[in-house]
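K.L.:
Got a structure here, written out as structure tokens. Questions coming.
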Amino acid sequence: CGIKKCDFKITMNNNNHHTEEISTERLMVRRGQPFTITVSFSAPIHSYLRQLKRTFLIVQTGSHPSKADGTQTEFPISSLGDQRQWSAALREQDPCFWTISVNTPANAPIGQYTLLLYASKSSHLLGNFTLLFNPWCQDDEVFLANEAQRQEYILNQEGVIYWGTENAVLAQPWDFSQVSKRSSMSVLFYSHQQQKGAYLLCLNCDEFRGILTECETGQYCNGTPPSKWLGSSPILRQWVVSQCKPVRYGQCWVFAAVMCSVLRCLGIPTRVVTGFTWAHNTNSSLSVDEYYNEDGTLLTQDKSAHIWTFHVWNECWMARADLLPEYSGWQALDATCPSFCGPTPVQAIKKGDTEVDYDVCYFFAAVNAKCQVWIQKADDSLKPALGGTKYTGNNISTKSVGSERCEDITHNYKYPEGSLQEKEVLDKAYRKVKKLETTSSSSKTQFSSIPTALEEPVNLFIHLQSKSCLLLGQDVPLSIEVSNHSGREKSIHLVAGAQSLHYNGVPVTQLWKEEFHFILKSNEGKDSTGCMASISKLGENHLVRLTAVLREEDSIYMYFAQEEISICDPPLTIEFPENMVQYQPSTAKISLLNSLTEPLEKCVIVVGGRGLIYRQRKYTLGSVQAKSIQQLQIPFTPTQAGPRRLTAHLTCLQLQNLKSYKTINIAAA
């Protein structure tokens, strides 16, 4: 028989497989779910049953397909298909055409496929299609039972990434664009061309880090600062256009966001997770040290372990056939660390099951470590600081399903602080590592115990307090309370200071320092309240660490307190009319309040919104005077109904990372 044409019914199939937004020109289907094609013949077939016995389909993927490795399969066209393997069933027949239902097994390799029809001792190319993971299919290892979660973790393109501090969580918008026709699918196409599995491309550190490169924080010559990226699509497009040269630059939230886009595009339920007060690169030690000088200035001599103010990673949902069933579900992935970490069962992190694959020690230490502060004296000797112990993993958050609310998921990683379960898990982790140490030739302790710094009674107390979040340009109020619970008078030397920090604990600059000398009588307290002048020299993450170092004039003991605050950019607010209808012209209002004492110069606002505005628009505002409000009217006509987000990004000489967003529900026309 001669083949006249083959209709892949792309619109119908892609809609049934939840891929209609990825492509309207290419067949994109999910494994474990049938799709329908119609083959038209150049001449009528009158004895179709006899012809059917001599006809079968061939699917193949990769540059060297073979039956041996499962990249080529032949299967007949029958009246009944088999859902557990590649099969085809004749649904409708006519002398001039056949309508065939093709079923793909739920464990088939994903990637680019060629479909051929073999008849009359020759094969005919029917076309090409893309096969993806299927979280809607119960037999697929990425099956997710909850439809609201599937909508969020597979199809939702408009995300929120959290940053700031554990006491002042801030949100920034991110456009994942995982169903964009020219973004994430490029990774799959490139993977196919390079003869590598797309799944490995996503989860292999060397391959994935080929998409983005990172450099020393704050050093972004010849590239885009990480804080300027608004979404994954420009990064992936740049990567493809440059023939897969690494895009400059990314930090943890950019790595995690791009990873989320790629995995969602491939059909793996994925979310972005932020952990606050994160012990990074600790070599799996539960004891981390930070070093300060006597003025309270953070020293960076120990670059092997930092306490990061926040860190961003991914979780993806999958069954772990290589492990016990209890370890299936959310798996942690970290694309930022020197060698890619994961997939790590979140349940294993919580239970302290450090022997489970993969990298449980890394995540367990990051969210359970204690940090001891040491003071480096003028003679370079180190003294442990009393009161300086800091605990990690206090707040782990992600965007909630179906809303832009921040969801605290710390309980997925840890038992409640101070609970019996927490103590049991920590004890179990220590025991397992001690057992490993006795059978290992390595002298490096995986989980080192936390040393007892001092045995002397503590009789001086210091408490430092400030607002957790302040507006850029505001003075910083702070309160330091010192109390003497000893039985004698003490001569006190107190140094208070402030440093701006990058998110990864690296200091930017010293902002302020002040010294105090006073006498504290027995059982007496002293409160010092004041205001630090407004801050201007900040790192890109707008983080400030306040410190107070206290020492007795005639004692070796030193006391330490610290507090971190987020400095927020001037407000950029977006307002919509109350009722908005699809295809009806409307106007949004964007207002910028300059809270600084100087003008904001060369202000440019870039506005975008899928289904609201076609492409991005750029508006030049010029200068915005100090303590004034500038307003901007944005005319637009919504083309898509449902929840739609408008994003605004302002840059000027003084600010580079001012982003705002608002979601509005558009009524269908």
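Cβ from N, Cα, C; glycine included.
Because TrEMBL annotations are produced automatically, they should be read as predictions rather than curated entries.
For 244-337, the entry in TrEMBL reads domain 'Transglutaminase-like'. Annotated active site per TrEMBL: CYS252, HIS311, ASP334, in sequence order.
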K.L.:
Using Cβ-Cβ distances, find the residues under 8 Å from ASP334 (active site) that belong to the same chain and are at least 6 apart in sequence, listing them in sequence order.
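P.N.:
When sequence neighbours closer than 6 are ignored, ASP334 (active site) has TRP313, ASN314, PHE340, CYS341, GLY342, ASP359, TYR362, PHE363 within Cβ distance under 8 Å.
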K.L.:
Is it possible to get the count of other C-beta atoms within 10 angstroms of the C-beta of HIS311 (active site)?
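P.N.:
I get 27 for this one.
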K.L.:
Given the model, what does the mean pLDDT over the domain 'Transglutaminase-like' (244-337) come out as?
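P.N.:
Value for the domain 'Transglutaminase-like' (244-337), mean pLDDT as a whole number: 90.
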K.L.:
Hey, how far is HIS311 (active site) from CYS252 (active site), Cα to Cα, in Å?
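P.N.:
Cα to Cα, HIS311 (active site) and CYS252 (active site) are separated by 6 Å.
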K.L.:
Starting from the Cβ of CYS252 (active site), draw a 10 Å sphere and report how many other Cβ atoms land inside it.
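P.N.:
I get 25 for this one.
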K.L.:
Tally the residues of the domain 'Transglutaminase-like' (244-337) by DSSP class, grouping H, G and I as helix, E and B as strand, and everything else as coil.
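P.N.:
Reading the DSSP string over the domain 'Transglutaminase-like' (244-337) gives 18 helix, 41 strand, 35 coil.
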